[in-house]
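Trainee: Right, I'll just put the structure down here and ask away after.
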Protein chains: 4
Amino acid sequence: MSFNTFGRVFRFTTWGESHGPALGAVVDGCPPGLSLSEADIQPFLDARRPGTSRFTTQRQEPDAVRILSGVFEGRTTGTPISLMIENVDQRSKDYSEVAKAYRPGHADYAYDKKYGFRDYRGGGRSSARETAARVAAGAVARLAIPEVTLIAYVAELGGDCIDPARFDAAEIARNPFFCPDPEAAKRWEAKVDAARKAGSSLGAVVECVATGVPAGWGAPLYAKLDSELAAACMSINAVKGVEIGDGFAAARLSGERNADPMRPGANGDPEFLANHAGGIAGGISTGQPVVVRVAFKPTSSILTPVETITRQGDASEIITKGRHDPCVGIRGTPVVEAMVALVLADQKLLHRAQCG
Amino acid sequence: MSFNTFGRVFRFTTWGESHGPALGAVVDGCPPGLSLSEADIQPFLDARRPGTSRFTTQRQEPDAVRILSGVFEGRTTGTPISLMIENVDQRSKDYSEVAKAYRPGHADYAYDKKYGFRDYRGGGRSSARETAARVAAGAVARLAIPEVTLIAYVAELGGDCIDPARFDAAEIARNPFFCPDPEAAKRWEAKVDAARKAGSSLGAVVECVATGVPAGWGAPLYAKLDSELAAACMSINAVKGVEIGDGFAAARLSGERNADPMRPGANGDPEFLANHAGGIAGGISTGQPVVVRVAFKPTSSILTPVETITRQGDASEIITKGRHDPCVGIRGTPVVEAMVALVLADQKLLHRAQCG
Amino acid sequence: MSFNTFGRVFRFTTWGESHGPALGAVVDGCPPGLSLSEADIQPFLDARRPGTSRFTTQRQEPDAVRILSGVFEGRTTGTPISLMIENVDQRSKDYSEVAKAYRPGHADYAYDKKYGFRDYRGGGRSSARETAARVAAGAVARLAIPEVTLIAYVAELGGDCIDPARFDAAEIARNPFFCPDPEAAKRWEAKVDAARKAGSSLGAVVECVATGVPAGWGAPLYAKLDSELAAACMSINAVKGVEIGDGFAAARLSGERNADPMRPGANGDPEFLANHAGGIAGGISTGQPVVVRVAFKPTSSILTPVETITRQGDASEIITKGRHDPCVGIRGTPVVEAMVALVLADQKLLHRAQCG
Amino acid sequence: MSFNTFGRVFRFTTWGESHGPALGAVVDGCPPGLSLSEADIQPFLDARRPGTSRFTTQRQEPDAVRILSGVFEGRTTGTPISLMIENVDQRSKDYSEVAKAYRPGHADYAYDKKYGFRDYRGGGRSSARETAARVAAGAVARLAIPEVTLIAYVAELGGDCIDPARFDAAEIARNPFFCPDPEAAKRWEAKVDAARKAGSSLGAVVECVATGVPAGWGAPLYAKLDSELAAACMSINAVKGVEIGDGFAAARLSGERNADPMRPGANGDPEFLANHAGGIAGGISTGQPVVVRVAFKPTSSILTPVETITRQGDASEIITKGRHDPCVGIRGTPVVEAMVALVLADQKLLHRAQCG
């Protein structure tokens, strides 16, 4: 089955392939009356856009979004919002090699086994280009949760971590790595350059922090806020792990060390003395910052030959030439942020449905 | 919102609280004609059952399951299968302290903020007792995927890892820790004993491996096999992280190191030379073993006093007396296995729906 | 596929067969804090209960409901509410005839073709006994929509209509036919008696009117209030038609005759001069009474022999002995009312989700 | 809430307003490998297209569909199929009157009450133009059910019925009324002309018959084939009633008269001696033709002044000038057919999911 819709009441459906004429998203269930124009969406697409530095794929896509429905006189009407992005730079290329043999780590083999054949041009539906549609939808979701501030950044690249002591949110937009630590950004520049030149690739860990989420969003048991965040982030291309708060590190702490003590705070809300839980308890937000960590594997497209088989099952070798991101986690950063926004908008509406 | 249903076509809905008369699950969408009786379910409940060793909570629950519908003359009819487990040992206890003050790390505060009040007896709906219903449903799911062999075990406890070289699947059932490494099991015995006596608690990492999953299960994009597994596992009590295959470790590998090369194998299927991907590419199974890793935080119920606030917002301190698991990850093992079975059964049916 | 869940945010799942140990419903998504006990549900079950007059099946079922979860100290907690009704009078009977041959008009043949076999005792899952679970769930739904007043009645029985001029809501509870017209009730008594004695059966039309539904519930396009009502009512056993407002009669009116003119009314709301639309325009409530009409076919169980085939495909004849309702539409009345309540509760919550 | 998606595994989502730049549908879950191009869809859109005779609205829309995704080398890939239709003839018009006052029978008032405001140009989202997207999606659905033959026609117009004795399927495409009875078609021509000239409007009843549906599609209990058909058809603009088989007429029959006796037939399947049930028993297809009847109210747009109120609540009067269908049921015929195709495709896949 193909399920290209995400969300329960604030929902979006994406469509489109890497080398089709366009891709897009339909956002359904958005509250009416929100001020919305292309200008609210474009900056987020621009942040994700390829070709903006030598550290990402050189495919040139303006990723200009058009709103085709759901907005009247500058405001959302409550009806579905259709967002379309045309594919422009579908470089004429010889895909015969990819058509014939499977690229390990890519969806090639799995798609063929599932569907019997595949659109092999640039990965077809499994291309990370689809994430442009998510980012566009996420920009709409943000408008539905004005109480929330989202920040996402690369916390680790090729195994090299940022120094929390040097964390500066303002740095994130100043380097091509969404890196909040200027020292790390410098090191990563060399690292990514080296990988790119060697035809190799690197993984990364993206962190997203949502502040302003009020206590009470989320749901027992199978639409838990953390469960939805895990589904949302694990659905992003190349993602292999998701953590909430301390994540796997929490499994190494004692109960005392992992506790998030509370004391009376300002204006009636508790003050929490720690946030190991990442802002979620029992699947429901606690009012603390919601913290998600996402592991991106290294890009599977590399210039080193890898043993593989052809569609006919014969032994072969493949190298993936052409344009690709040496570290797909970098441009994954705005995608993680978008997915978190989409989950939070949905959970806000779900909470309102049941609890008024 | 409260969404207590999981799955898309093979679905289950759970209900029940820690201290209500019973809890249960309704399994819907199960294929007809499968041989099913209570005896197919009970062993899995017994594996999860509390009170079987000094390393788990001392609550005594027979966890005897009854099938109330959906089975006729020993076979599933295709109609909903209602499973009920009575709560027996709802020990008469004074819950006034838990009613008054919030236990940090528990869902107490979040539930109160969401719903305005809560069933505070033993955690109510947020109690891990709910996972008995999942295990019962999972036992039914297994019957729908006879081609798959599932194995789950604790791979790390309190930061102490098993030695893969000593991995012996037969060991898992021989110790109270679901530990496949007899040496590690011995060390953990001491470790958990110490924690228990100190009124402390420990975290754990559970691994689940599904072999026999054919290539082609899963779906782009928001019902990806990995995305569904992440949602399923993150919805389990005390879970803070989920990995597929190498997970976060993959983020530290180069593209070459992370590749899973393929070569022609027996009977037409490829032979994979590695499984960094954990058996999933592009959200779809590759035919390799599906590997999931799940991080459980240490139990939040500890005897060390933790700073907290009362329902009225006053400063207080709480210690969680009473019966609890010193390491909730241990009994989480059959729960992870059940959730993986439930996801796979659903994905098998979804695949069949679209691809025949 | 078997989908035994209805609703989008206020959802319920039913389970159980005619001759199993019990049947039930799990209500999920109910707002927290509503006062709820068995006493709020039982009267609605009693209204639907068999065996209360000679005009319905003589099966004796107390239909006593138990609440197994989701309620604490007399109030709904926001977690799933499990409702169970035990089957008591599963009269020992010889089902060999039904097991061997298909009863025309019943689900026997269709079930066998779908599932390969069936629970033939009393219709199994396709028995109208399942509607007890709906009525129980509907009683919970009513608590979530206190602003709405529901009334359902039989408007036509065996082709004999009530006289709107004699409509008296107080009459409905005074006769065994849910008939608001005392004269019609008398005629129907003779009619149903005659059918019963002849081993024949009769159809009926049930009407349900919901007043107090505010303008704005419902949704374009595929969760329209009228679309959801149609799905809900058409899912009831023996139902073959659903109308909103004037329904099929509207297809015979001119646009002028079908108009529902508006004029300024009290307290800012419009006064409508007619209600051909049955309170719904564009899929959304207008604030007028919501009017639904539901056609029940005559009970398929009759004493007249009907030509049929056996499971083996041989020619046969069957008469349906045993207990049955000579007019299933009568006891369908509380079921229609319950389904309307369930749809309205869901739509209220959905409206709140999107529009605050 | 706004739910613009229909279906469970074969799903479609529509978007677009009457006077926006375009409208469309995203079809998700379609089986892979089906041959599909615009030429498979266009004929169905042409049948629904406005402006083709004087009996429908004079809006001139080519309704040319573009496939933007999900097809590769002429075959469906299993990924979402995005279909777009540009709006061409958004005639510049003065909508100030519609903006100010509510048209009775239209969604104007309900939308304003729900969303706080509305896109009033041509009805916005509530315009029947949306049905073009359904027809496009339906054309794709037909490809997934090649075993089924669909036929839809107007059976009654303005209260004037076709004569079953003169039924000729070949006639349907020969007149502008989708009328299978040439005599009736002549009478309707005069009827519709008169209504059109008088600025009045007429209702209609559309019938759709699906032959070739195998026994076994459908599901207890809330995804019953008849329940899904009812929801699908009742969601079409201007529909006020849905019947399966004999529908309301069945409520007037005795059990004997309503029976569909079976006898052994050719190739092992039963031969049915009647089809009062419309091909569905217990929510599941029986192998007989599936028969659905749908009541369309007369178009609410008429030239006779109707009493109404303004947005401010003041008394007013409105006449609906401009282009409209004098009998919206006529062009509703291909829409009903499309919705039936969409439901059947979904049910086929659902059946395959559970029953293999």
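Just so you know, glycine gets a Cβ as well, placed from its N, Cα and C.
TrEMBL lists these features:
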BINDING   A:Arg48, A:Arg54  NADP(+) binding site
BINDING   A:Arg125, A:Ser126, A:Ser127, A:Asn237, A:Ala238, A:Gly282, A:Lys297, A:Pro298, A:Thr299, A:Ser300, A:Ser301, A:Arg323  FMN binding site
Trainee: Using only the Cα atoms of A:Arg125, A:Ser126, A:Ser127, A:Asn237, A:Ala238, A:Gly282, A:Lys297, A:Pro298, A:Thr299, A:Ser300, A:Ser301, A:Arg323, which the record gives as binding FMN, return the largest interatomic distance in Å, rounded to a whole number.
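Mentor: Site span for FMN, by Cα atoms: 44 Å.
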Trainee: When each of the binding-site residues A:Arg48, A:Arg125, A:Lys297 is checked against chain D, which show a C-beta distance below 8 angstroms?
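Mentor: Among the binding-site residues A:Arg48, A:Arg125, A:Lys297, the ones whose Cβ sits under 8 Å from a Cβ of chain D are A:Arg125.
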Trainee: Which residues does A:Lys297 (FMN binding site) neighbour through Cβ under 8 Å, counting only same-chain ones at least six apart?
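Mentor: When sequence neighbours closer than 6 are ignored, A:Lys297 (FMN binding site) has A:Gly105, A:Gly203, A:Ala238, A:Val239, A:Lys240, A:Val328 within Cβ distance under 8 Å.
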Trainee: So how many other Cβ atoms are close to A:Arg48 (NADP(+) binding site), meaning within 10 Å of its Cβ?
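Mentor: Counting Cβ neighbours of A:Arg48 (NADP(+) binding site) within 10 Å gives 25.
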Trainee: Which binding-site residues (A:Arg48, A:Lys297, A:Thr299) come close to chain B, taking a Cβ gap under 8 Å as close?
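Mentor: Cβ contacts with chain B under 8 Å: A:Lys297, A:Thr299.
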Trainee: Write down the Cα-Cα distance for A:Ser301 (FMN binding site) and A:Arg54 (NADP(+) binding site), rounded and given in Å.
Mentor: 16
Trainee: If you count other Cβ atoms within 10 Å of each one's Cβ, which of the binding-site residues A:Thr299, A:Ser301 has the most?
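Mentor: Max Cβ neighbours within 10 Å, all protein chains included: A:Thr299.
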Trainee: Within 10 Å of the Cβ of A:Arg54 (NADP(+) binding site), how many other Cβ atoms can be counted across all chains shown?
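Mentor: Here the count is 12.
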Trainee: If one measures from the C-alpha of A:Arg48 (NADP(+) binding site) to the C-alpha of A:Ser127 (FMN binding site), what distance in angstrom results, rounded to a whole number?
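Mentor: Distance between the two Cα atoms comes out at 14 Å.
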Trainee: Does anything in the same chain, at least 6 positions from A:Arg125 (FMN binding site), have a Cβ under 8 Å from its Cβ, and if so what?
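Mentor: Listed in sequence order: A:Gly16, A:Glu17, A:Ser18, A:Asp119.
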Trainee: Enumerate same-chain residues with a sequence separation of six or more from A:Ser127 (FMN binding site) and a Cβ-Cβ distance below 8 A; give 'none' if the list is empty.
Mentor: A:Glu17, A:Ser18, A:Asn237
Trainee: Inside 10 Å of the Cβ of A:Ala238 (FMN binding site), count up the other Cβ atoms and send me the figure.
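Mentor: Its Cβ has 24 other Cβ atoms within 10 Å.
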